Amino acid sequence: MTDHFWVAAGTLLLCFHVAATPASAQAPAAADTNPAPVEATAQAAAHGSADIPARADADQQYIQEIVRRAQVADVAQRYKEALARHSKAIEQLAERSGKSDLAVLSVHRLESLQRHWLLYERALTQTRGELARSTNAKSEDVADLAKRRAVWQATGQTAGLAPALLERVDELIAMIDDAEKQTAVPLSKLLDLGRAGSALATEVQQGIAALSAKIDDQDRRLVSMDTPPLWLALGDTEAIDPVSIGLSRSLEIERAFASGYDAANVRWLPALAAGALLLLPAMVWLRYRARLLVAAGQATEPSMRALSRPWAAWLLLVLIGTVVYDIQGPIFRQQAVMLLAWIPVLVLVQRRVLARVGPWAYFSAVFYLLNTMASLLLGDQLLYRGVLLVLNLLMLLTLAWRMLRARRGATDEADEADEAATAPVQALTFLGWVACVVLFVSAGSNILGNISLATMLTGALLDSSYAALALYAGSTVLVALFQVLIPRSTLARIAGRHSGSLIPLAARLARTLMVLAWLIYALQSFRVYRPLSALLVTVLTHEFQLGLLSVSLGNIAAFAAAIWAAFWLARTIRLLLAEDLLPALALPRGVGDSISTLTYYSIIFLGLLAALAMAGFQVGQLAIVFGALGVGIGFGLQDVVKNFVAGLILMFERPIRLGDVVDVAGMSGKVRDIGMRATIITTFDGAEVVVPNGMLLADKLVNWTLNSSSRRIHVDISTGYGVSPQQTIELLEGIARGIDGIALSPAPEAILTGLTPGALQFSVRAWTAPHAYWVGVRSELAVRIRDGLSEAGIEVPLPQREMHVRSVPGAALPAAVPGTVAPVQGSLGAELPNT
């Protein structure tokens, strides 16, 4: 304990010394009030006059390079033209955004206008980034020239320099002055352009904020009455703005946005057009290949149904590509694409899905078209409310009729269907009744005077139902393409090799991503995503002050999410490595287990570091914390550290592997798991024994299957002297060779081990075959030897014992030895019979 105390005290003193070193090191620096001239003078004095020509030549080349960069091209002119284009476009967009008739526009048009602002923000950010890099380069050149001039001025003041060297120094100083003048002009222009870019960025931010405020205002109107009730509006004869105002403004906004968006992504348009044209003949060829696979029995017709209609599949893929291209583009173009996609979606959706959805799949397309046309073309608000009410009632009746019919059918088939088959039906039934409630609320809102809520609910319901069908149809096309493009042998090999973990994981991940994508789209359609995300950000970024510690829910949530993701990722990768990837490689036995285990703990360690970084800790400072904790860990957790290091040694040296049969600590069993701290051994009695890794390295360890799973067994027997020993040896060796679990190389052998007074001692020794159960093999060998000796007439002598009888009670002698006579009372013994 005394040694530990002094070691700990020395460690603490060392830590205090290291912590105090920066403060002490700063004291001389603080006392030096003006170190720069002294440093320059010392540096100049350090340079001898002999190296002045070489330094002058090097600096002259560097100065000429700076001048050349300044004169190659006027970089400022290029940025000036780019900022002029941005300024003109932003001015036009600000004019469109500042008009007073934005109130008549729908929220989708306002979102398109906001996306237009965001497009210019991204373009302006890119231009400003390039401008900042050019400005920094020019600033570094000017600063470097100033440093070099200071050095040469100090060199020129050195006493004892030759006149030629002084002339050379003055020449370099003049060159530096001239280079500074030539570099200062473009630098000044770049700085002015940077200020202009900052002003444009401020204007863009103001435009985005104004549009966000208008969108939030429309979202708030969803919970308020914005029009008179329908029965009062019927008698109101006040004129309503004609359709030309809202429609013309919408088309103007969308047309300008589409033009700007395509101009910003012009480099992608030729590639997209070429890909769309080449995709059509490819789909025709894939239909031919799908037919061959179905005819050969290598694929089922329902799985290839998507490719049997190449035109529909091609159109759907092209439209999906268009939606991906317009993911941040005009919403009106996205709506047009979605309207066109109804045709291939209805063609490609499988019959079993249509049977579950019923005619709603077709009627929803009609309702979607009617709702879109009514919202665009009907300028009379009263007429639009009437059409919307009729549309809501038709949708409600159609959906309710379908739900009641499906409920009767589900009741009849409930006894025959299993739980896995009824789960999707129950989910669709629940969503159907939710849709009925939404339609009922929409109709009621329309009647009571909340036309904004009614319009939003109707459009969101149609959009979300359509998105679900579109995602399903797109997934069927992609799955069919995957099955056709990959050879069948490869698919069979993948299914056979990865059916345990990889394929279920990929399927579960794909379903999760599809559901998540649909959920986000549905929340955006119902105008919930924007306020919900804003509320979530506000809650997560709110900080709680606990003394000197500042904690936010976002940091806590990020920490928990990172920990969960680290363990999930580590467990998944370990599963993939252990069951799928590593067994396919020609690795030595046990290497795959070591790789998967080390990968598991490495990912967890990196995940913990990432979680701490997300929680607000500086990862660099954690090294200091871990170093301080190392002292305590070294004293208080010696056994844990020892076992951990022993686990690493077991991973790399591999003296034991999973499945090995070992003897350790007085027990025998099979290794079930090798961890970083302990190893689990399953004894042959069924007990699970946790053995610390340090014990495995410190104690005697017997591994019966380290290099081979074969094991030598032996059976000892005795025979009489009546048979030749050689005959017995040949018989025993023949019996051993006839057992399946005994290896033929090395061959089994029988040897004579002893000559006792009553028997010959033999020993049969044999090696078991690889992976054979040696206990069962030994038992079978003993049984075969007994039967073989019996059939050969070889006697197995019984053990002989000599018994000396000293005295037997007289009354018990007749029962023990037949033929004796009980003794007469008073006699000393009994009379034994004559033999």
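Numbers run from 1 along the shown chain.
Quick reminder: no glycine exception, Cβ is built from N, Cα and C everywhere.
Sequence annotations record features per position, and here TrEMBL assigns signal peptide to 1-25.
Residues annotated as transmembrane segment in TrEMBL: 268-286 (among others). Within the same chain, residues 262, 307, 310-311, 313-314, 317-318, 321, 325, 481, 484-485 sit at least 6 positions outside the transmembrane segment (268-286) and bring their C-beta atoms closer than 8 Å to a C-beta of that stretch.
Through the fold, the transmembrane segment (307-325) approaches residues 265, 268, 272, 275-276, 279-280, 283-284, 286-287, 290-291, 333-334, 337-338, 340-341, 343-345, 347-348, 473-474, 477, 480-481, 484 of its own chain, all at least 6 residues removed from its boundaries and within a Cβ separation under 8 Å. What TrEMBL lists as transmembrane segment is 307-325 (among others).
Listed as Cβ neighbours of the transmembrane segment (331-349) (distance under 8 Å, sequence separation of 6 or more from its ends, same chain) are residues 108-109, 111-112, 115, 250, 254, 258, 305-306, 309, 312-313, 315-316, 319-320, 322-323, 361-362, 365, 368-369, 372, 463, 466, 469-470, 472-473, 476-477. According to TrEMBL, the transmembrane segment annotation covers 331-349 (among others).
Residues annotated as transmembrane segment in TrEMBL: 361-378 (among others).
Here TrEMBL flags 384-404 (among others) as transmembrane segment.
According to TrEMBL, the transmembrane segment annotation covers 425-445 (among others).
TrEMBL lists 465-485 (among others) with the feature transmembrane segment.
What TrEMBL records for 505-524 (among others) is transmembrane segment.
Beyond the ends of the transmembrane segment (544-569), by six or more residues, the same chain brings 603-604, 606-608, 610-612, 614-616 to within a C-beta distance below 8 angstroms of the stretch. As annotated by TrEMBL, transmembrane segment applies to 544-569 (among others).
Among the features that TrEMBL reports, transmembrane segment is placed at 598-617 (among others).
The annotation domain 'Mechanosensitive ion channel MscS' is assigned in TrEMBL to 639-705.
Among the features that TrEMBL reports, domain 'Mechanosensitive ion channel MscS C-terminal' is placed at 715-795.
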Report the listed stretch (361-378, 465-485, 505-524, 598-617) having the maximum count of Cβ pairs within less than 8 Å of the transmembrane segment (384-404).
361-378
Non-local residues, at least 6 beyond the ends, that sit with Cβ under 8 Å of the transmembrane segment (361-378):
106, 243, 247, 250, 335, 339, 342, 346, 349, 353-354, 384, 387-388, 391, 394-395, 398, 455, 458-459, 462-463, 465-466, 469
For the transmembrane segment (505-524), find every same-chain residue at least 6 residues outside the stretch whose CB is under 8 Å from a CB in it, and list them.
460, 463-464, 467-468, 471, 475, 530, 532, 572, 575-576
Which residues, given as numbers and ranges, are at least 6 beyond the ends of the transmembrane segment (598-617) yet have a Cβ under 8 Å from it?
550-551, 555-556, 558-559, 562-563, 565-567, 569-571, 573-574, 577, 651, 676
If you run through the domain 'Mechanosensitive ion channel MscS C-terminal' (715-795) with DSSP, how many residues end up as helix, strand and coil?
31 helix, 22 strand, 28 coil
Whole-number mean of pLDDT values that fall within the domain 'Mechanosensitive ion channel MscS' (639-705):
83
